[in-house]
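Copied over from TrEMBL, here are the features:
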type	residues	note
DOMAIN	64-364	domain 'Class II Histidinyl-tRNA synthetase (HisRS)-like catalytic core'
BINDING	135, 136, 137, 169, 183, 187, 329, 333, 334	L-histidine binding site
């Protein structure tokens, strides 16, 4: 097509034509892209998306997002963690999820360690190296060390503390594994005796029992870090470096998760002969009792394990534990008894909990920080186990009372010996509902205007229900004010759907303003005259009598 560009009018028309064509093409491309991802309806209200209708709306890969129903389960788990901790005398503390990377760069955590490589690390605007917390223990111990260094006095020379905190690791997300998880950590500081291990293992078992998990569902596998040294001595392996021992420990840590041929390859890379590999497999798979260990272990560490098992037997917990020489824990700071907890059916690819003793974390003579032990448990594997065992809690009623403020007019002929709302709500919208949405004046004003008597009674009923809502809430009851629609039928449907046990609503019975309390579980109802001075007390008593918290 040829245009005469000599005319300014033609030039303007060409510009408008090109602009419209470009805009149309852009809109088509944008809408096609938006429809592909279903963004048009959901996100068109967001500024910027009105034009583009596209955005990166995904959460960070491996992070946890819980909708209310899922969050209720997570809150239940956290409440159980908190309850168990307090039952055993532990006190709660908290730390920021962001900390200095140097916290993890100490003598007990080498930079080559896989956990160090998995940290989310970055520099802030002033060039400082920071990391999201990957492991609670290093941050916890550095917090205590910092307090001691600054001259602050700890509450006691013996600490029993716990926390529930977010952790982040840049690892491949999979079943039971996320880059972000919530972790329960309990630690005892300042006591060297074996009573600490008995205490934290008893706490762990108590928690399992509290959520319905039994010794048939899980086993706590116990070992001692010194047994690895004895094992190498038994195999005839001597004169190894610290780095070599670290690599060997990592192989043991992955023993149950790795095929035997791959294990042998890794062991051969450490110059362990085929005959030594065969002997290693035999010892690891046959050493399940104290008598088995006595054949090649003669150190004091065996006495510690024997005393620990005796203490657990005295507490009735022997069926919860077994001995496993492959349990070494992934972090180097562990020094004594260590343990991990696995499901007995091996359906979970990772442990449910793990911990042990980590004395001399800072390798100094601090009398308080020289002795420490604890364990951690994440929410991901635990949630999956609870689902497998059908141990998830029944969804509780989130609301105790639903309050509906629209007035229902009922005559005596409508209520002959029957349930008013059951009879009337079978007919959607057929009952007469007073229109109280129109302006009626200040509820505190004496002069309400025309029809003041009727409007005054309406306001009195509403004021009565407002007062009831406040009283019920102050008495630890959850009250949902339903205002989505003025139709009582829908309000009752809503209450039924969310298993709300009680509904409070104003009702005019033969011209008398009343408050009706309906028990949806028992299918009963009661009327209360708003002029009754004991109305609030009577309603509260009725509700609390039937609600079990």
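Positions of Cβ are set from backbone N, Cα and C atoms, glycine also.
Feature map: annotations from TrEMBL on the structure.
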{"residue": "137", "record": "L-histidine binding site", "contacts (Cβ under 8 Å, 6+ apart)": "185, 187, 331, 333, 358, 374, 376"}
{"residue": "183", "record": "L-histidine binding site", "contacts (Cβ under 8 Å, 6+ apart)": "136, 164, 165, 166, 167, 376, 377, 378, 379"}
{"residue": "329", "record": "L-histidine binding site", "contacts (Cβ under 8 Å, 6+ apart)": "225, 253, 338, 340, 354, 355, 356"}
{"residue": "334", "record": "L-histidine binding site", "contacts (Cβ under 8 Å, 6+ apart)": "225, 328, 356, 357, 358"}
Secondary structure of residue 137 (L-histidine binding site) (DSSP, helix/strand/coil): helix
Validating a neighbour-count step here. Other CB atoms within 10 A of the CB of residue 135 (L-histidine binding site): how many? 22
Summarise the model's confidence over the domain 'Class II Histidinyl-tRNA synthetase (HisRS)-like catalytic core' (64-364) as a mean pLDDT value. 91
